[in-house]
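> What follows is a single structure, and I will ask about it in a moment.
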Amino acid sequence: MASLYHNSNQEVLGSFKIQDESNLENHKKQPLNSPESLHEDCPTNFSSTKSSKFWWDTAGSIFRALLSSAQYNPGEQKRAVDFYRYVVAPNLGPEPHLGIGQHPWPSFMTDDFSPLEFSWCWGSLRNPVAPSIRLSFEAIGTQAGTLADPWNSASTLDLVERLRATIPTVDLEYFDLFSKHLVPDNSLTINDALNFHGYRSSLFLAVEFKNHEPTIKVYWLPLLKALQTLQPMSTMICGALESVSSSLKGFSALDKLIDFLKNTAPLLGLTPFIVATDCITVSKSRIKVYTRCQETSFASVEAMMSLFSGNQIISNGIQQLRDLWRLMLLQNEEFCPTKNLPACSHITAGMLYYFEVNQSSMEITTKVYIPVKHYGKNDQVVSAGLAKFLRGRDDYYGAIFERYLDAMNYICSHRDLASTNGLQTYISCRIKDDSLELTSYLSPQIYHPGRSWDLEGSAADNKSSIYL
């Protein structure tokens, strides 16, 4: 990955000009520029902007806490931290200079509009592995929300092109295909409609740190494009999938998914709203479609998880999911599988499911994202339920959970875990080999009113400096 950080003839990372996203081919494929080597000490003047320093000192310290708690070795930590410092932080937009709780661009990434989210992947309960940390974010340009870039897509498009030019493993065949169909233009005719729908984000990125180079993922939110073309989001998404299918002959799993989204998903109350892919060679990349459902009973979750199980045995995985559900969401309440969870009016309420396909398999994979941010009593109760569940499965996970809890307490320095929910946003569950694979999603709550960042880039409220 050293090549990502070495190009002395290019401008400093974070200072490049935003291109007009109306023509995807116009984006210059210029490599990123950072320190000459990840194995050298980073310079103290790594960024010339106050905003970059803010995002480094705030969310950067949280990222380092998670990597440390997950026991990444020093080399792995340095590679991941440097990627955040030189690639992510300069692209997170202005610091909240108007005051705590104010957000220059209201990102749909998190409920408090923070433009990034972290995840802690626990792995399979059948085969314990070391946890892995992922980072999702919305790149926010200096012109986001202006006439030049009303839907904040230019910064992400430009950053992706630079990643294409600097990371050898990045393959953007899927990115190019989907962007033609799902990226909005600069038309402002949908502005009034957006005031009703409530969000304006159009593109997210995610980074997973494996081996020596990061794996980049792209997420398209086609609401804006759907409003511009006067089409339902489901129609927009299926049209994009059909275009990809026609260019990749013999992708039977994708054809099966398209048929499901067109004919079965509406009957099940599933509304697709995000498409995502890995930026690797298409033969290995996944295509994922995220859907939301307002049915929140466990029986409905079990039915969704069983949709494409075929002849696979999933009874043990379903029982594990039931145990986790009861411990996190119900505590001492009586378990009634057909009873919906308490009503929630938030735009992100309901169960979230994704359906995944890839060219190497005929199958469709289903994953459920349980929104503990809405249906958990508070973060303390959710984490206690998760702890009890993990400790009951394997001593290894019980020990790892203590480090996870240390990281959570560090992140949640602005309030008590028991005071409310929202730090833990989702717990995702996939059944593989009749056993659960779990991931915890965490919001840094940068814009939470309880934060006391001094707005010069330091965290005045942090209780501990063990990760700094």
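The backbone N, Cα and C atoms fix where each Cβ goes, and this holds for glycine too.
In case it's useful when we look at the structure, here is the feature table from TrEMBL:
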BINDING   GLU117  L-tryptophan binding site
BINDING   ARG134, LYS217, TYR219, ARG286, LYS288, TYR290, TYR369  dimethylallyl diphosphate binding site
COMPBIAS  18-28  compositional bias 'Basic and acidic residues'
REGION    16-44  region 'Disordered'
> Between any two of ARG134, LYS217, TYR219, ARG286, LYS288, TYR290, TYR369, the residues recorded as binding dimethylallyl diphosphate, what is the biggest Cα to Cα distance in Å?
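In whole numbers, the farthest two Cα atoms are 18 Å apart.
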> Around the dimethylallyl diphosphate site formed by ARG134, LYS217, TYR219, ARG286, LYS288, TYR290, TYR369, list the extra residues of the same chain whose Cβ is within 8 Å of the site's Cβ centroid.
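Near the dimethylallyl diphosphate site, beyond ARG134, LYS217, TYR219, ARG286, LYS288, TYR290, TYR369, sit ALA206, ILE274, ALA276, TYR354.
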> Just the number: how many Å between the Cα atoms of TYR369 (dimethylallyl diphosphate binding site) and GLU117 (L-tryptophan binding site)?
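Here the two Cα atoms are 14 Å apart.
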